[in-house]
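Enquirer: Let me give you the structure first, and then I'll get to my questions.
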Amino acid sequence: MNKQSWLLNLSLLKTHPAFRAVFLARFISIVSLGLLGVAVPVQIQMMTHSTWQVGLSVTLTGGAMFVGLMVGGVLADRYERKKVILLARGTCGIGFIGLCLNALLPEPSLLAIYLLGLWDGFFASLGVTALLAATSALVGRENLMQAGAITMLTVRLGSVISPMIGGLLLATGGVAWNYGLAAAGTFITLLPLLSLPELPPPPQPLEHPLKSLLAGFRFLLASPLLGGLLTMASAVLVLYPALADNWQMSAAQIGFLYAAIPLGAAIGALTSGKLAHSARPGLLMLLSTLGSFLAIGLFGLMPMWILGVVCLALFGWLSAVSSLLQYTMLQTQTPEAMLGRINGLWTAQNVTGDAIGAALLGGLGAMMTPVASASASGFGLLIIGVLLLLVLVELRRFRQTPPQVTASDS
């Protein structure tokens, strides 16, 4: 990568076939999950007219993901990671089929939506952890920043496309189409993943799973990179259906709300060329997080939905910068034998923030207007973020030696 370039270098997709297969599978998977992500809150909102119920579904799914990430972290450090990935994807597809069949019933079951959310949240997180742990083996640690940015770009571009498609499907065909296409896409991802080489974990002594997990906790707590970053602001999506009523948005326009954050994040990934050369990544990560919280606070105050979309896109861009820096610092400083557990714990931190935020925002939405709920969450997190900036001294002062630019990077 040219040292002076802000643009992302995509050469890994050409030089590493296994990473290219993961890229393709992840893109298809994210598009499929995006269709699901639009359908579930809209269906629950239509059935219950309650933001609290929408928040509960996100919280339950987040809780299942937390457990799955804990289990998946241990499994990824003990067992062949390719098998874990394939198992997780296949079982998720079964859950999506269940959601589709439930939506086709004359009176869909709300309980079934909650239970299938638990199922999909648990098994999806198993695959996420194993994929993250296998990344360094697929591309080499020297390429982790580049791989992380490409991965983020894959996720965000898929997340931009799928909500808009999902919104159009909701307006024309109903939620069953979203669920059915999500299931089909999930099973299609198995095809490129089957071409992956075996991904065995590094040799290490066998120990009790809980003891193994505690070892990961101890390492993470001893790391100066424990940022304590809160991601609750991204849980504002539980208010989208209610805010759509406030802004008098159509079903198709709701999709733009869901697409705004990943669009901003995609721009952040595309312009991440210089992030690897940041001398103080910890400080940059904290400042970008503060900016993202401010964007969420302003989001709910916008008089028109299009201005709200701009605020969400800004949040996505700043969040992308923060997430990419945190990802790279953790991956490069974590021993290979602990990558599964550390990635599981790190991702669980984000999922926990989203789940707690969804529950709080759902409750606020029941007591306050959606506009007030969104603004209160953003400005509240901004205050907490300023305190974190002052308290997390080691992270704020953390310095790294910028990587040397090689001929292959130019």
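Positions of Cβ are set from backbone N, Cα and C atoms, glycine also.
Pulled from Swiss-Prot, these are the listed features:
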type: TOPO_DOM; residues: 1-21; note: topological domain 'Cytoplasmic'
type: TRANSMEM; residues: 22-42; note: transmembrane segment
type: TOPO_DOM; residues: 43-55; note: topological domain 'Periplasmic'
type: TRANSMEM; residues: 56-76; note: transmembrane segment
type: TOPO_DOM; residues: 77-83; note: topological domain 'Cytoplasmic'
type: TRANSMEM; residues: 84-104; note: transmembrane segment
type: TOPO_DOM; residues: 105-109; note: topological domain 'Periplasmic'
type: TRANSMEM; residues: 110-130; note: transmembrane segment
type: TOPO_DOM; residues: 131-156; note: topological domain 'Cytoplasmic'
type: TRANSMEM; residues: 157-177; note: transmembrane segment
type: TRANSMEM; residues: 179-199; note: transmembrane segment
type: TOPO_DOM; residues: 200-218; note: topological domain 'Cytoplasmic'
type: TRANSMEM; residues: 219-233; note: transmembrane segment
type: TOPO_DOM; residues: 234-250; note: topological domain 'Periplasmic'
type: TRANSMEM; residues: 251-271; note: transmembrane segment
type: TOPO_DOM; residues: 272-281; note: topological domain 'Cytoplasmic'
type: TRANSMEM; residues: 282-301; note: transmembrane segment
type: TOPO_DOM; residues: 302-307; note: topological domain 'Periplasmic'
type: TRANSMEM; residues: 308-330; note: transmembrane segment
type: TOPO_DOM; residues: 331-350; note: topological domain 'Cytoplasmic'
type: TRANSMEM; residues: 351-371; note: transmembrane segment
type: TRANSMEM; residues: 373-393; note: transmembrane segment
type: TOPO_DOM; residues: 394-410; note: topological domain 'Cytoplasmic'
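Tell me about the setting of these features in this model.
Expert: Below 8 angstroms of C-beta separation, residues 130-131, 133-134, 193, 196-202, 204, 206, 212, 337-341 of the same chain, each at least six residues beyond the ends of the topological domain 'Cytoplasmic' (77-83), sit close to that stretch.
Within its own chain, the transmembrane segment (84-104) is flanked in space by residues 29, 32, 36, 39-40, 43, 72, 75-76, 112-113, 116, 119-120, 123-131, 134, 174-176, 179-180, 182-183, 186-187, 189-190, 193-194, 196, which lie at least six positions past its ends and keep a Cβ under 8 Å from the stretch.
Per-residue confidence over the topological domain 'Periplasmic' (105-109) averages out at a pLDDT of 92.
Counting only same-chain residues 6+ beyond the ends of the transmembrane segment (110-130), those with a CB under 8 A from a CB of the stretch are 33, 36, 40, 43-44, 47-48, 53, 56-57, 60-69, 71-73, 75-76, 81-82, 84-85, 87-89, 91-92, 94-96, 98-99, 102, 199, 340, 343-344, 347, 351.
Same-chain residues lying 6+ beyond the ends of the topological domain 'Cytoplasmic' (131-156) with a Cβ under 8 Å from its Cβ atoms: 1, 8-13, 16, 18-19, 22-23, 26-27, 30, 73, 76-77, 81-82, 85, 199, 201, 262-263, 265-266, 268-270, 272, 275-276, 316, 320, 323-324, 327-328, 331-332, 336, 339-340, 343, 347, 403.
Only residues 6 or more beyond the boundaries of the transmembrane segment (157-177), in the same chain, are considered here, and those with a CB under 8 A from a CB of the stretch are 26-35, 37-39, 42-43, 100, 103-104, 250-259, 261-263, 265-266.
Residues of the same chain lying 6 or more positions beyond the ends of the transmembrane segment (179-199) and with a Cβ under 8 Å from any Cβ of it are 17-18, 21-22, 24-26, 28-29, 31-33, 35-36, 39, 80-82, 85-86, 89-90, 92-93, 96-97, 99-100, 103, 130, 134, 137-138, 169.
Tertiary proximity for the transmembrane segment (251-271) is limited to same-chain residues at least six positions away from its ends with a CB under 8 Å from its CB atoms, namely 6-8, 34, 37-38, 42, 149-150, 152-153, 155-161, 163-168, 170-171, 234, 237, 240-241, 243-244, 305, 308-310, 312-321, 323-324.
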Enquirer: Can you count helix, strand and coil residues in the topological domain 'Cytoplasmic' (131-156) using DSSP?
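Expert: Tallying H, G and I as helix, E and B as strand, the rest coil: 25 helix, 0 strand, 1 coil.
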